[in-house]
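To keep things clear, I will list the structure first and then write my remarks on it.
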């Protein structure tokens, strides 16, 4: 077949048409000369009169190679497109189906190695990694979401995930409202609750590590389906709003360097980056989050060192500062004890938002390779995040930034230098370092946006699998991505394009209003689920030895956290009806800015009760299903593993024993 006939779609093998010119040869890229050279050796003896035939055959062969290469490259595109097809075995449960106690069925995802499958064929009832599993349970295991998250990712999540808008930017307004003393007290109260919450969350996450959606599914079968439905949807809405909130914050952060470029330009760049990262699934999210968290932790450590030097007069232009700003203008804002107490209470919502995503280790349990080892380790390290990343760094900020500074959000100034961490350094004459801090703050904000995109899509997908959201959102593709739910998360991200609006700070405030208080509801349900689980275990005569990890603060820690969260909701209601500033007069805007999540939760709760006609307040302890969805650990095997581990520590170096005690 000649080149000319090939181009015209004809296949005349016997054609004598040899009309070729150099332009035809120029169409062939010289990158295929490796294919031409062997051909020259084979037909090197061709007579000169057959030169045209030689060139034609060579060109034909080269074009065939080019077509093959094109098909080869096209195969990547086809595989990428095919990866979005529904995974085999991925399907939603019927919304109409229910189990014996009337709760909505939960779809679980399990996976087992080839060794586990081989063991299943040889034994009728086996123990894998300390977990008892029957052959039927093994056969039902489906590889929907992929186990791409490693222990190093989980540990770094416990230390760095959530260090973003709440801590690095949102506290600017809180410092202005409460003063440094009120800020620290509010965060200390919330931090003590968070530690108890994470311990409860860690225990349940190990037990129910195969539940898609993590902790938002616990109350469905441990407490009350209506509570689970309302809080899960509120949690989903929270993180759908957090993604555009973080992108708006990123555009505000960029204003530190320039105000001449339209903020929407940067929103487009960051928006595309977040979507692309999540297209790579859990692995892309985990690796990006690991990098972001490393940068954030290094920035916090660097800030510690620099802030201490500035405060002691070793850098900057103000000499020794010490606790000057705690005396003038003071540690608390307000002239009366009531006003000062109100300032402390006002920190709770922002503190809850700042501590948000601490429970992310449970959300990712179904995509972790070894949750029984990684989750307890991460939960124990949470105390260091609370003490150093939050309390210590905010104390240093309070030493360096007076709450009357006009650069803080909520003061007379603008958001150009919104972060109190940047203000703490730049306001004392340090020139270069603030640029590095602001760059890491930008990475931190993008990290939380990345986590929000990941979390919201997984929550929406789990709601669909439970029958509590449209069935189309249960779609999991061949790469383990909840593709339909990710599309919804991407659409919500478009809200961020309001960054160029003059109402940018108002949008920031309203998105924060939805997100902050929602976190309290989520934490309350986690602790209630833990309390009800322990109660059901006791009533049904089950041993806690079946639990792979037990909360270090026990059920009393969960009870303390619930009590404090309820008091925080009550106190926040008081702040909403008598806001700080404006003479303490009630207005609809100030009320909903502080308490928007409450009416949303009430509406969702009532909607479920009417929809399902289920008027019970909770599932009785003796009716709680403690078999389905749960990893039942072999108590004797776990004891043996613990003894072997302790023996290795006793025989090992001293530093390992110290590290094990603290970590």
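Yeah, the Cβs are placed from backbone N, Cα and C, and that goes for glycine too.
Owing to the predicted nature of the structure, the values given are computational and were not obtained by experimental measurement.
Per Swiss-Prot, the residue from the list 124, 366, 501, 587 bearing the note phosphoserine is 124. 113 is the residue among 97, 107, 113 that Swiss-Prot describes as phosphoserine. When the residues 127, 165, 317, 364 are compared with Swiss-Prot, the one annotated as phosphothreonine is 127.
Checking 41, 122, 373, 646 against Swiss-Prot, you find ubiquitin cross-link recorded for 41. The membrane topology recorded in Swiss-Prot keeps residue 287 and residue 624 together on one side. Looking up the ranges 87-117, 180-210 in Swiss-Prot, the one annotated as region 'Disordered' turns out to be 87-117. Proximity of distant same-chain residues to the topological domain 'Mitochondrial intermembrane' (311-342), defined by a Cβ-Cβ separation under 8 Å and at least 6 residues beyond the stretch ends, is recorded for 176-182, 396, 398-404, 428-430, 574-575, 578, 580.
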